Amino acid sequence: MGERRKTRQAEVNIGMVGHVDHGKTTLTKALTGVWTDTHSEELRRGITIKIGFADAEIRRCPNCGRYSTSPVCPYCGHETEFVRRVSFIDAPGHEALMTTMLAGASLMDGAILVIAANEPCPRPQTREHLMALQIIGQKNIIIAQNKIELVDKEKALENYRQIKEFIKGTVAENAPIIPISALHGANIDVLVKAIEDFIPTPKRDPNKPPKMLVLRSFDVNKPGTPPEKLVGGVLGGSIVQGKLKVGDEIEIRPGIPYEEHGRIRYEPITTEIVSLQAGGQFVEEAYPGGLVGVGTKLDPYLTKGDLMAGNVVGKPGKLPPVWDSLRLEVHLLERVVGTEQELRVEPIKRKEVLLLNVGTARTMGLVTNLGKDEIEVKLQIPVCAEPGDRVAISRQIGSRWRLIGYGIIKE
């Protein structure tokens, strides 16, 4: 067992989504043993700001047949058998962090929508996160009705009916609703079995050219490190197709900004992979699933503080095109999501500035042209994306960016 565990990488990414304080991080801890809020400001404010990843092994007990994430069955004490390793993406539920949640959503193969039983459903971010899943086309959804320890049976049933009503007509209409207490670990086995039943590992072709979406980037050198001990910049993200190997030459697009004739342009860069980390282990090869850390020969100055977030990594010459402007086939929602009162979505106007999320990248787009169900936008920061990719569209309403629909990239 120990040997297999060493080389094991998560094979599926599952998003934890839902309203702030409904228990996403607590549930991630119940499933993985890892508290994903490790950013100092997060611990102080008690909310998730950056996206957290934590892996768990799904295991089944051959004796009683129940599922858990522990090597010894918590129900009968028998040794459990490994089924697969999954990675949980803990996405921020706070409204100001919605664009971060969208970046994480682009890496999800399925999602657990956490809804607290002790509050009326839906709350603004519950609605907003479900809309985000709808926009990225995510259908593999489980609903965890959390905090049932705080309500009586009547209240829990009333909340269940509200959830049923809320998901009617959405991608989550047929999602199982599982009552749990993340705090006390109650019914977690039922939730783990639902993950097995409703969130399959996607079929992937390892021979496709590799493509990794960058979510974070770091300078891992401590201040005062002597020059000969400095290591190159590290990129953190998720491989969405193909595989990466230590020693591979990689290209990063759109790359790094430089100034030319008073305009900011971007230049793709190439470098070499010197190390790979997956599931907390150094590995020689990394595949889709989980968060992968890619050690490079890049100057760490380029990667510090998430500067490379939103880039795409692949083999030189094999990456999708970089776009300075996009033509989008637009699908607007009827109502703005995330606001306390429901507002109608007004049509997009020429010269309007929109916030666009493409994969893990986010950029501003100035609307230069309008057609029937189509817009053209000039991008502030170029993006690397395929024709046919989905783009989440947000508009500034009051002081916040609000999700108003999505676009599909046209040639």
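Every residue, even glycine, has its Cβ placed from backbone N, Cα and C.
Annotated Mg(2+) 2 binding site per Swiss-Prot: ASP21, GLY46, in sequence order, evidence recorded as sequence analysis.
Annotation comment: Swiss-Prot describes ASP21, HIS22, GLY23, LYS24, THR25, THR26, ASN146, LYS147, ILE148, GLU149, SER181, ALA182, LEU183 as GTP binding site. In the three-state DSSP reading, ASP21 (Mg(2+) 2 binding site) counts as coil.
For THR25, THR48, the entry in Swiss-Prot reads Mg(2+) 1 binding site. The Cβ of THR25 (GTP binding site) has 26 other Cβ atoms within 10 Å, all protein chains considered.
In the three-state DSSP classification, CYS76 (Zn(2+) binding site) falls within coil. Sequence annotations record features per position, and here Swiss-Prot assigns Zn(2+) binding site to CYS61, CYS64, CYS73, CYS76.
The feature domain 'tr-type G' is assigned by Swiss-Prot to 9-203.
Per-residue pLDDT, averaged across the region 'G1' (18-25), gives 80. Residues or ranges marked as region 'G1' by Swiss-Prot on the basis of similarity to another entry: 18-25.
Look at Swiss-Prot and you will find 46-50 tagged as region 'G2', backed by similarity to another entry.
Marked as region 'G3' by Swiss-Prot on the basis of similarity to another entry: 90-93.
Taken from Swiss-Prot, the feature region 'G4' applies to 146-149, supported by similarity to another entry.
ASP21 (Mg(2+) 2 binding site) and LEU183 (GTP binding site) are 13 Å apart (CA-CA, integer value). Taking Cα separation as the measure, CYS76 (Zn(2+) binding site) is nearest to SER181 of the binding-site residues ASP21, THR25, ASN146, ILE148, SER181. Counting only same-chain residues six or more apart in sequence, the Cβ atoms lying under 8 angstroms from the Cβ of CYS64 (Zn(2+) binding site) belong to CYS73, TYR75, CYS76, HIS78. GLY23 (GTP binding site) sits 27 Å from CYS61 (Zn(2+) binding site), counting Cα to Cα. In three-state terms derived from DSSP, CYS61 (Zn(2+) binding site) belongs to neither a helical nor a strand segment and is classed as coil.
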